[in-house]
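Enquirer: According to TrEMBL, the domain 'STAS' annotation covers B:516-639. Residues or ranges marked as transmembrane segment in TrEMBL: B:137-154, B:166-187, B:199-217, B:246-267, B:274-295, B:335-356, B:368-386, B:406-424, B:429-446, B:466-492.
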Protein chains: 2
Amino acid sequence: MVTVENSDAVFPSGTVDGVELTGHVPIPPSRSFLATFRANLKETFFPDDPLRQFKNVPGSRRFLMGLKYFFPVPEWLPSYGHSTFKSDLVAGITIASLAIPQGISYAKLANLPPILGLYSSFVPPLVYAMMGSSKDLAVGTVAVASLLIASMLGKEVPPSQNPTLYLHLAFSATFFAGVFQTSLGLLRLGFIVDFLSHATIVGFMAGAATVVCLQQLKGMLGLQHFTTATDLVSVMESVFTQTHQWRWESAVLGVSFLFFLLLTRFLSKKGPKFFWVSAAAPLTSVILGSLLVYFTHAENHGVQVIGYLKKGLNPPSLTNLVFSPPHMAVALKTGIITAIIALAEGIAVGRSFAMFKNYHIDGNKETIAFGMMNIAGSFTSCYLTTGPFSRSAVNYNAGCKTAMSNVVMAVAVAITLLFLTPLFHYTPLVVLSAIIVAAMLGLINYEAAMHLWQVDKIDFCVCMGAYLGVVFGSVEIGLVIAVAISILRVLLFVARPRTTVLGNIPNSSIYRRMDQYSEAQSVPGVLILRVDAPIYFANASYLRERISRWMDEEEEKLQSKGEIGIQYVILDLGAVGSIDSSGIDMLKEINKSMDRKGVQLVLANPGSEVMKKLDKSKALETIRQQWIFLTVAEAVAACNSFSLHPCKSDLANHETDCDSVV
Amino acid sequence: MVTVENSDAVFPSGTVDGVELTGHVPIPPSRSFLATFRANLKETFFPDDPLRQFKNVPGSRRFLMGLKYFFPVPEWLPSYGHSTFKSDLVAGITIASLAIPQGISYAKLANLPPILGLYSSFVPPLVYAMMGSSKDLAVGTVAVASLLIASMLGKEVPPSQNPTLYLHLAFSATFFAGVFQTSLGLLRLGFIVDFLSHATIVGFMAGAATVVCLQQLKGMLGLQHFTTATDLVSVMESVFTQTHQWRWESAVLGVSFLFFLLLTRFLSKKGPKFFWVSAAAPLTSVILGSLLVYFTHAENHGVQVIGYLKKGLNPPSLTNLVFSPPHMAVALKTGIITAIIALAEGIAVGRSFAMFKNYHIDGNKETIAFGMMNIAGSFTSCYLTTGPFSRSAVNYNAGCKTAMSNVVMAVAVAITLLFLTPLFHYTPLVVLSAIIVAAMLGLINYEAAMHLWQVDKIDFCVCMGAYLGVVFGSVEIGLVIAVAISILRVLLFVARPRTTVLGNIPNSSIYRRMDQYSEAQSVPGVLILRVDAPIYFANASYLRERISRWMDEEEEKLQSKGEIGIQYVILDLGAVGSIDSSGIDMLKEINKSMDRKGVQLVLANPGSEVMKKLDKSKALETIRQQWIFLTVAEAVAACNSFSLHPCKSDLANHETDCDSVV
């Protein structure tokens with residue numbers, strides 16, 4: 001075959017017919033395998049370059065800086081002043097008033113002792129205040145993770161039969177979640193959370209909220225027995241097969257408090273000044289409900305109450321962790337799944353508020369902080385915590401300035417644990433149900449779903465898949481469906497890349513998609529195609545077929561008009577970011593089959609990776625470098641000037657081999 | 001906020017500073033959801049547009065054409081002539097001489113009665129001759145699928161304990177494979193085979209060949225007992241724990257024939273004229289081996305022979321199919337996995353030879369033909385068949401012209417079944433082992449692996465993953481590893497897209513990657529970034545961080561030089577083929593955060609999908625359309641002309657809001 005001509009290009013630099021010719025596309029200098037590998041590794045795992053600040057710093061200071069990386073307290077504590085503390089104090093007390101009833105409610109949702117909800121609002125916030133980098137995140141338990149714990153652990157060990165083992169498994173799951181999160185952060189794998197798309201989260205959260213609300217029918221209707229399944233069908237069956245067990249006292253109380261809570265939420269939406277109305281409402285409900293029960297002795301008339309809560313701070317639970325079969329497996333599985341869900345919510349919340357206040361959150365660092373907070377929690381009788389949206393929003397609205405508001409909340413909860421637990425003895429469960437329902441209704445973001453429908457139909461499908469999966473299947477099924485659709489979408493994008501025909505925009509050397517720009521005009525005898533994705537094994541044979549179909553269609557169109565056929569096919573590779581060995585083989589094949597038809601394949605604007613691989617795979621021996629151009633305009637100019645060449649036009653008509661002349 | 005200005009663009013069309021201004025990027029007319037959905041569906045499932053020929057054709061002819069689509073015989077049979085038949089006769093007899101010993105060998109490999117190998121070379125080739133569209137494919141059983149059947153079915157039902165049930169399960173697996181293949185073809189899902197990349201297949205085939213060769217140690221050494229596992233460690237253990245059982249007669253015979261076969265292969269590589277040397281070698285070996293045993297009575301000295309083979313054509317096996325638990329599940333699983341493997345090999349082989357002869361293979365149609373051939377096979381005592389590479393290559397080299405060579409082979413095999421089976425009584429098993437080993441050594445394509453290492457390191461990893469997985473784990477493990485790495489690669493490509501800084505190529509309006517084109521020069525005050533992948537949920541937050549890092553790095557560089565900071569960031573979206581709702585949100589967010597820093601975000605060359613979604617999501621209210629340009633050159637020209645505007649430069653320095661002026 002003909003050897004590669006690197007230097008003596010056939011078309012010189014300069015200007016021909018108003019088109020700038022800039023010479024040929026260079027093959028980038030080859031880098032060593034190790035250098036490439038290192039660069040790729042860095043781009044994959046350290047895209048935010050967290051070690052940049054460590055450059056040119058002596059060893060001892062480097063250690064201090066590393067410490068500061070994991071414990072960013074010194075960044076803000078030295079300059080911490082009186083007025084900042086006043087803001088944090090107000091915010092901290094506000095979130096504590098929300099944290100206490102919510103904590104108790106969610107612990108009930110997880111079928112755990114209610115006091116665990118308070119324990120979980122004491123230790124983890126302190127750990128986060130030291131290690132976290134968000135100024136607005138308020139730490140606490142979340143409804144979805146609580147529900148997941150109840151459904152996943154409850155399947156293995158029913159909490160009514162063996163409450164101690166169930167409790168120990170919950171601690172173990174929290175421990176595994178913490179270890180998993182810490183490892184993800186240390187291994188710089190925090191980005192796997194990004195694979196839960198916004199659409200997935202909208203659908204998943206709405207589904208989980210629906211399921212959680214359905215579960216509250218137990219408390220609202222005062223039912224004693226209830227299904228352990230979470231899907232709509234089972235719950236409805238459970239509710240409507242025991243209509244004779246419904247307690248109207250419970251239902252009236254529940255609906256009244258729900259109405260009160262929704263009313264306060266409506267009021268607080270009037271303006272940011274009124275945020276405290278809805279922030280204080282849960283605690284107000286608890287106080288009102290408790291007083292009502294205390295004075296009317298409604299606990300004897302079918303209204304269930306929390307009952308005795310032990311006084312005192314978190315007891316240690318390190319020795320309760322379960323590390324042996326047969327139950328360790330379920331704790332591990334629960335831990336990993338809840339860890340991912342909790343992480344997704346916490347990081348999304350942290351990032352949103354950081355954006356509002358224009359500071360930066362390091363996802364991997366946050367992941368480590370969450371992990372450490374859960375490990376510490378699992379040692380001190382807490383269960384899974386993260387940064388819930390509702391509590392963080394209240395924190396932000398209450399004017400928090402630093403993570404100190406978490407410390408204030410922790411202190412307030414500690415005081416409650418030490419002195420005030422007896423006050424919750426008469427708190428009716430139905431009020432807790434109302435608090436959960438009110439919080440959950442805010443998570444059903446139908447507006448976001450409508451927006452998805454308008455902007456992106458596939459995202460809407462992902463969202464609905466997650467929602468319906470959670471509501472009619474289970475939380476895990478919904479998650480699997482949503483992630484599967486999301487990944488399938490990415491794969492399908494690569495498997496079926498868009499190819500478009502380009503045309504010349506009149507009076508310019510610009511070539512653009514003919515279906516987007518109506519004024520674009522085709523060039524006679526030249527078919528210009530653009531491939532909009534990397535060329536990979538997954539799409540190589542599709543592209544081969546699609547390109548040949550474009551050629552057939554174009555030929556047909558030209559024949560019907562009585563014009564000359566295609567002599568050149570220009571492939572615009574500008575959007576081909578990457579190519580693999582199957583892709584290179586495909587290019588070689590289409591070049592060969594075009595050669596047989598007397599059509600010349602021309603490549604325009606290949607990226608450096610494409611050029612490198614064309615060179616290494618010796619494809620440049622068949623697709624010769626003088627047919628590779630920097631721009632489509634240059635390629636077209638070259639085709640036009642070459643068409644006048646007698647040999648090439650012969651080639652197109654009589655299939656003579658012209659190699660010797662070229 | 002400011003309303004969208006569609007018509008009155010700030011920068012008029014024309015030429016400014018030698019840069020063509022072509023007005024603003026249009027928002028494509030919105031298409032109905034159904035039309036988009038239909039177009040996408042067509043592109044996904046009918047990319048080759050197989051129904052195009054049916055357009056403008058009356059109903060009755062359409063039915064005939066549909067029939068012709070599935071049975072393409074009429075395409076070539078009417079013009080079939082004497083000389084074509086002569087070519088096909090030679091080719092058919094040649095492949096029959098290969099098919100008979102190979103069929104018996106592979107049936108032994110699958111632990112099935114040897115006669116099944118002959119049955120499988122009779123019915124399936126006839127079906128394929130009617131339905132298949134390849135002119136060069138020779139139908140038969142393959143080693144890898146045979147091995148898979150042995151290992152997957154053998155785990156559930158050891159063939160030594162219950163040979164009848166094992167046989168019936170093999171028929172059932174073939175039936176399920178056929179149904180699965182047919183459904184894939186009818187549902188236009190043949191493209192899932194493309195997800196087995198070339199690299200996967202190279203590694204997987206080499207691994208399977210290694211494993212098959214290792215299994216032949218049983219026959220070569222004349223061992224009676226052998227492990228059922230296929231991994232290297234188990235096989236080596238099995239071989240070396242029974243060294244006292246080795247039979248030298250067997251080994252000498254085996255090594256001699258292997259040497260003979262490899263020698264003929266070496267000779268036939270001298271030129272295409274000698275292809276028959278290696279094609280006839282297996283049958284010659286069988287004849288020589290049988291004669292040797294017959295005259296020396298070596299069967300009494302440790303050389304195992306095939307023994308009695310029943311005379312007669314395929315008996316029906318329709319009633320033997322197993323459709324009930326507990327064994328149906330394993331047949332189904334085996335059927336699906338072997339179907340995919342067989343399909344991948346058959347379609348790759350068909351496509352390769354079609355390319356040589358410049359005709360087209362419809363993957364989905366071929367898939368249907370393979371499926372029907374296996375369904376028919378499962379009714380007539382055949383097991384899984386496909387188009388093996390070795391046999392098809394011999395067919396091609398022997399000068400076959402049409403699928404008639406398959407018919408000739410089937411007739412030759414039928415004659416053998418009717419009259420010649422007694423001749424194989426004394427054929428030594430060790431000769432069959434030698435035939436298998438010789439065929440398998442050809443599948444270990446180390447040159448392709450070396451080529452992968454040079455061209456694409458990740459493809460090499462995929463290849464080695466598949467190889468090592470098969471050799472040290474099992475065939476299924478190897479396949480899962482390879483597919484997992486391949487998919488991970490696609491996901492990683494989308495999760496970590498390349499972003500590059502563009503610079504101006506001197507004396508032109510072309511902007512290219514500064515790391516690829518050393519002559520490219522940056523524009524003062526303007527940072528031009530290019531994103532090389534679709535913007536999706538999986539990379540939205542990465543891109544946000546990466547873009548802010550590019551800006552930080554650039555600012556640092558400019559500060560150290562004492563130049564003015566960045567005033568504009570131009571994002572070249574030319575390679576962004578698609579965007580989802582998370583991507584749009586990300587663009588809005590970076591626009592907002594740049595606004596706060598007094599930097600203007602400018603978009604260049606967005607595709608129609610991006611423009612459509614920017615419009616629908618109301619992002620054009622924040623990223624205003626006058627900052628969206630057709631080319632980078634226009635965007636730069638606009639930035640430069642705007643920098644002279646006093647308000648904007650104020651904005652950059654003092655962070656005043658300029659909205660009222662703009």
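Every residue, even glycine, has its Cβ placed from backbone N, Cα and C.
Remember, it's a predicted structure, so these values are computed and weren't measured experimentally.
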Enquirer: Which one of these stretches, B:166-187, B:246-267, B:335-356, B:406-424, B:429-446, has the most C-beta pairs shorter than 8 Å to the transmembrane segment (B:137-154)?
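Expert: Checked against B:166-187, B:246-267, B:335-356, B:406-424, B:429-446; highest Cβ contact count belongs to B:335-356.
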Enquirer: With an 8 Å cut-off on Cβ pairs and a sequence gap of 6 or more, do the transmembrane segment (B:466-492) and the transmembrane segment (B:406-424) reach 3 or more such pairs?
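Expert: Between the transmembrane segment (B:466-492) and the transmembrane segment (B:406-424), contact is absent.
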Enquirer: Hey, which bits of the same chain come close to the transmembrane segment (B:199-217), Cβ under 8 Å, at least six residues off its ends?
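Expert: For the transmembrane segment (B:199-217), the far contacts come to 109, 143-144, 147, 223, 226, 230-232, 235-236, 239, 344-345, 348, 433-434, 436-437, 440-441, 443-446, 448-449, 452, 456, 459-460, 462-471, 475, 478-479, 482-483, 486.
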Enquirer: Do at least three C-beta pairs under 8 angstroms join the transmembrane segment (B:368-386) to the transmembrane segment (B:166-187), pairs 6 or more apart in sequence?
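Expert: Between the transmembrane segment (B:166-187) and the transmembrane segment (B:368-386), which are separate recorded stretches, there is contact, as judged by 3 or more close Cβ pairs.
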Enquirer: With Cβ-Cβ distances below 8 Å as the criterion, list the same-chain residues six or more beyond the ends of the transmembrane segment (B:274-295) that contact it, or say none.
Expert: 94-95, 97-98, 100-102, 253, 257, 260-261, 264-265, 267-268, 303, 305, 394, 397-398, 423-428, 430-432, 434-435, 438
Enquirer: For the domain 'STAS' (B:516-639), what does DSSP give as the number of helix, strand and coil residues?
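Expert: Split by secondary structure, the domain 'STAS' (B:516-639) comes out as 65 helix, 22 strand, 37 coil.
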Enquirer: By a Cβ-Cβ criterion of under 8 Å, what residues six or more beyond either terminus of the transmembrane segment (B:406-424) are in contact with it?
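Expert: Same-chain contacts beyond the ends: 88-89, 91-93, 95-96, 99-100, 103-104, 114-115, 118-119, 121-123, 125-126, 128-129, 137-139, 286, 290, 306, 309-314.
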Enquirer: Are there 3 or more C-beta pairs under 8 Å linking the transmembrane segment (B:166-187) with the transmembrane segment (B:429-446), counting only pairs at least 6 apart in sequence?
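Expert: Contact between the transmembrane segment (B:429-446) and the transmembrane segment (B:166-187): absent.
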